[in-house]
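Asker: The structure follows.
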Amino acid sequence: MKQIDSEDSITVPNDTPEDNSASSMQPVMSNLSIEEHQSENEPIEQEQADAKDPLLSKYHLACQQGDLATVKEIIENGVIDLKHDYDDVERVSGLHWASINNRLSVVRYLISKDVDVNFQGGELNATPLHWAARYGYVYIVDYLLEHGADPSVTDAQGFNLLHLSINSSNIMLVIYVLFFVIDDKLDIDCVDPNGRTALLWAAYQGDSLSVETLLKFRASVKATDKGGFTPLHWGTVKGQAQVLKHLIENGADFFQKTADGKNCFAIAHDMNTTGSLVGALYQCGFNKEGFAIPVYFKKSLHTKLVTFFAPWIFIGVLFKCFASIHPIFSLIFSILLGLGMRYTLKKYVIPAYAQRNTRQSFLKTPFLAGVFSGSVFWASYTWLTRIMPLTLIEEPITNLLFFAGVVLLASLFVKLVRSDPGLIPEETDHSKVKETIKELLNVGKFDAKHFCISTWVRKPIRSKFSNFSRALVTRFDHFCPWIYNDIGLRNHKTFLFFILCLETCIFVFLKLCMEYFDVLEDTFEDDYDLNCGIFGEDLCAGFFFDTFTFLVLAWTCFQGIWVGFLTFVQLFQTAKGVTNYEFSTLSKRRHNHDSSVNEYFTTTPLELIDEEEADPLNPVIPGNNPRDPLMQKSRTCFGICWTLTGLDQFVMVIKETFGVAQREEPRNNILSFKISTDYGWRTNLKDFWLTSDITAPTWQRFLYSPSCSKALLNGEEVDYFKLYKLPERHYLAEEIV
């Protein structure tokens, strides 16, 4: 952040939300060095120095830059009277300047000298609390409130602490104010002179995080300003779909009219935000006219079962169709059948339990889990009815192995679908949330990196909030649509057993099919002269004499290819002691050169910044660099398939491991970035494959997954629910891979 040298930079008109759009900026950092501040702002400082007392200018400059030594020298020498440390024209005190520049040490010192924390000055007649809140400086706000600052005081625009917190768009400050100020000193629906509540301002700014949090504290969606606008009306003006969705879900009336007789549909038409409004309506169960979409199933379980079993039927019909009629007609029929099934599911089935009108919604349903299980079903059916009767005598062990593999595979699949990936429960006790916030403030870690803004708990290292599970997942790896669940600490090992078992079953099935086709060739070789070009005689016999089984084999082998890539990636990342999510984030972070994005809403003062914050395991989420191919999420059909099969991760591993992504840079390590949880391959594998219960037999530690939140990390037992610091690394050089 640039140092603030003039109140003009924070002046906000008091007319309409349009005039106040400048105040809805993202939180900004104020951790530049003094030298940077001096070079950037020297002309303004000199102009100010010419206009007022040089000693006062020096004092204010020291407050702005956090030069505590100079501030102490001036105060203790009696050069400045703290009861009058401002210019009579500007009326901006040293505490104002220290507050708006996030200089906590100066703020502490000035308050220790009994300055007036509620002194109102500047063009807006605002207090230091207002100045700090406008820029989202939660540490300054906390300290000022603890030392007597009054949150109910309003500035010349009629804004109090809550309004200015919303204007800052810093969700961390909003959460702090809601927990520590609202109800006791402020009403959540308090209004400014134009009748606008905090929720109305957040909706206009398109700040979905603040809107969601305000609604959790029961902010009114029915409140109207002097123009008759509700939060939904102003949200429609902005056109942020998530904001509209949150408001509609909480009972906002989209038919309600403003004072000039316009409802949300008319406003959306005028502001060209109809697409956002219609999308939000569909996600909340309404059509584009605002009427409820009919639901044809009473229980979501029933609709999920329909979605799950639909691919079973489709795959069987598809194989039978291609095995029975001409390929051209089969292709046309299959496309029509697929489109019809997709339309039916999205219109009549999925709306009963999933969000609508989003490209990713279909992937967050049991459909792909049904595709996998349906594939296993038809492979098993083919084996049981066609392959086994003709190969049991020749290959009894192989048939028994396939049967055992399918049973184990089905058991692991059911276990994974029903498993707990390691969910950290949401904290509902507000007193405990307050304790957590204060604890993080004291150590300089109250930001979205260390505090979950959705579940209100301190975020352990290696955890991530899952939109699917709506909870924090410990040692989060990825969401797997093929098992309809997240993969985390408590089911990651089971998942690896699952894909290893699946790959083994595919190879065994291939061997049995080739033996079966050989039997068919021997049976019919005297009656037919087969010629299939590049295919061998066995495959040719299978294609001609049992096309259905041939197609099942082809589909199964295709699955085996991408599962093989997935297995390689998982085993590689396990040996490196990193999860899929961590590896992807680290790779993207290396390619991201935009350091201006503050995705974690960090406003930690310099005095509280910890060196551990340089830990690359929890990096700042990359910004949007359209020229960086690794930063782009493909929205094409091919791109989605590429992601679903895990081939994108395989390519990323190859690039980062062998330097394909960055050939121009000299590299001494096997990876182009440091992994904080890589303790050497032996230790990493032990941490992953063995539970932390050293009293249990080794076989049990290997086969069982963690039953609680405790697991090994660097050979030590750690509680992943409370993992806030990584164990120190100590591994041998020969262990590095």
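Including glycine, each Cβ sits where the backbone N, Cα and C put it.
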Asker: In Swiss-Prot, which of 326-346, 641-661 is labelled transmembrane segment?
Answerer: 326-346
Asker: Quick one: does Swiss-Prot have GLY279 and ARG462 on the same side of the membrane?
Answerer: yes
Asker: How does the model score the repeat 'ANK 6' (227-256) in terms of mean pLDDT?
Answerer: 96
Asker: Grab the same-chain neighbours of the topological domain 'Lumenal' (386-396) for me: Cβ-Cβ under 8 Å, and only residues 6 or more beyond its ends, written as numbers and ranges.
Answerer: 511-513, 515-516, 519-520, 546, 549
